[in-house]
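Quick look at what Swiss-Prot annotates:
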type	residues	note
ACT_SITE	D200	active site
ACT_SITE	D271	active site
TOPO_DOM	1-8	topological domain 'Lumenal'
TOPO_DOM	30-74	topological domain 'Cytoplasmic'
TOPO_DOM	119-136	topological domain 'Cytoplasmic'
TOPO_DOM	160-164	topological domain 'Lumenal'
TOPO_DOM	186-190	topological domain 'Cytoplasmic'
TOPO_DOM	212-262	topological domain 'Lumenal'
TOPO_DOM	284-311	topological domain 'Cytoplasmic'
TOPO_DOM	333-339	topological domain 'Lumenal'
TOPO_DOM	361-384	topological domain 'Cytoplasmic'
TRANSMEM	9-29	transmembrane segment
TRANSMEM	75-95	transmembrane segment
TRANSMEM	98-118	transmembrane segment
TRANSMEM	137-159	transmembrane segment
TRANSMEM	165-185	transmembrane segment
TRANSMEM	191-211	transmembrane segment
TRANSMEM	263-283	transmembrane segment
TRANSMEM	312-332	transmembrane segment
TRANSMEM	340-360	transmembrane segment
Amino acid sequence: MAEQTYSWAYSLVDSSQVSTFLISILLIVYGSFRSLNMDFENQDKEKDSNSSSGSFNGNSTNNSIQTIDSTQALFLPIGASVSLLVMFFFFDSVQVVFTICTAVLATIAFAFLLLPMCQYLTRPCSPQNKISFGCCGRFTAAELLSFSLSVMLVLIWVLTGHWLLMDALAMGLCVAMIAFVRLPSLKVSCLLLSGLLIYDVFWVFFSAYIFNSNVMVKVATQPADNPLDVLSRKLHLGPNVGRDVPRLSLPGKLVFPSSTGSHFSMLGIGDIVMPGLLLCFVLRYDNYKKQASGDSCGAPGPANISGRMQKVSYFHCTLIGYFVGLLTATVASRIHRAAQPALLYLVPFTLLPLLTMAYLKGDLRRMWSEPFHSKSSSSRFLEV
């Protein structure tokens with residue numbers, strides 16, 4: 001009886017839960033530092049391009065980076081709700097198109113994930129000169145290698161439907177979204193995460209009362225028809241051509257099998273990406289403070305704040321909050337034996353410590369509205 005009562009405690013050390021914790025944290029940390037490195041590279045390119053004209057614009061950004069403003073933060077949960085309803089009611093009609101679009105995006109994202117490794121492998125034997133492909137653009141050998149490997153992985157996933165390949169593609173999507181999407185201020189971060197918390201709670205806890213089914217869980221776990229199977233049926237290629245391929249579980253989540261093989265743990269990529277955007281923001285702000293004369297950047301903190309407290313980075317504080325929130329969400333799901341809206345736990349455990357620390361350090365006003373308004377220096381070192 002006691003073993004059954006505390007079975008949730010034993011499940012926390014199961015391989016599936018440990019893998020979920022480690023991978024989600026590693027993806028957030030890696031994606032945040034990829035984002036920071038992209039900022040450094042963009043600054044260097046701007047300096048090089050403007051050195052001949054004698055001017056430098058410190059506020060320019062890369063066109064490939066998408067910054068979320070307040071309006072987008074408010075309407076993103078509404079758009080996500082509409083997309084969720086479309087997938088719930090019309091999944092059979094849109095599943096093939098959605099699967100193909102997801103495969104294309106996953107290919108690009110996983111190529112981005114592999115790019116640093118491919119650059120390391122090709123550096124000794126290949127110069128960084130770009131090869132022209134006409135209207136398709138110019139690419140380095142590392143970019144071509146990473147894209148080729150990504151295409152191969154997606155093709156194998158389509159043929160096998162293996163969960164490990166799906167996880168790899170989901171990891172690429174997580175890292176790419178954290179690296180290319182930016183939160184400009186703490187105000188936008190609070191608007192976005194608060195709206196998504198309400199979105200997550202509503203669709204997990206209350207959608208069953210309206211639609212007689214848990215919309216979030218059904219959409220997240222519903223497999224899609226394999227495009228090869230659909231193509232073989234449309235072209236009447238016969239029963240033995242393309243009919244033995246499996247249905248595909250789309251890479252909108254990370255799944256890991258338990259040590260007993262009896263079940264899979266699941267974590268949606270939104271529960272990694274959205275807190276990851278906040279972690280990316282605070283990492284950039286930590287670096288900004290180091291560039292702008294260290295601790296003198298923000299308004300002076302209260303006199304009772306110790307020097308050790310002043311040295312604690314916002315990134316460390318928020319990352320610990322993410323871990324505690326994810327742990328709490330896991331415990332809640334095990335105790336109640338039902339799906340839980342992870343953002344219900346992740347948002348308070350990340351935002352509240354961050355807001356408290358920013359207030360105590362005297363940085364809250366700056367972080368709230370204009371955290372990066374001044375010209376940054378060329379310092380490239382951050383202790384984490």
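Cβ atoms here come from the backbone N, Cα and C positions, even for glycine.
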Considering only the recorded stretches 137-159, 191-211, 263-283, 312-332, 340-360, state which has the highest number of Cβ pairs under 8 Å to the transmembrane segment (75-95).
191-211
Are there residues at least six beyond either end of the transmembrane segment (191-211) with Cβ under 8 Å to its Cβ atoms? List them, or say none.
68, 70, 73-74, 76-77, 80-81, 84, 88, 183, 217, 270, 274-275, 277-278, 339-344, 347, 350-351
Same-chain Cβ contacts of the topological domain 'Cytoplasmic' (119-136) under 8 Å, 6 or more residues past its ends?
142, 144-145
Quick test of the contact rule: Cβ under 8 Å, at least six residues beyond the ends. What residues does that give for the transmembrane segment (98-118)?
87, 142-143, 145-147, 149-151, 153-154, 158, 168-173, 175-177, 179, 224-227, 248, 250-252
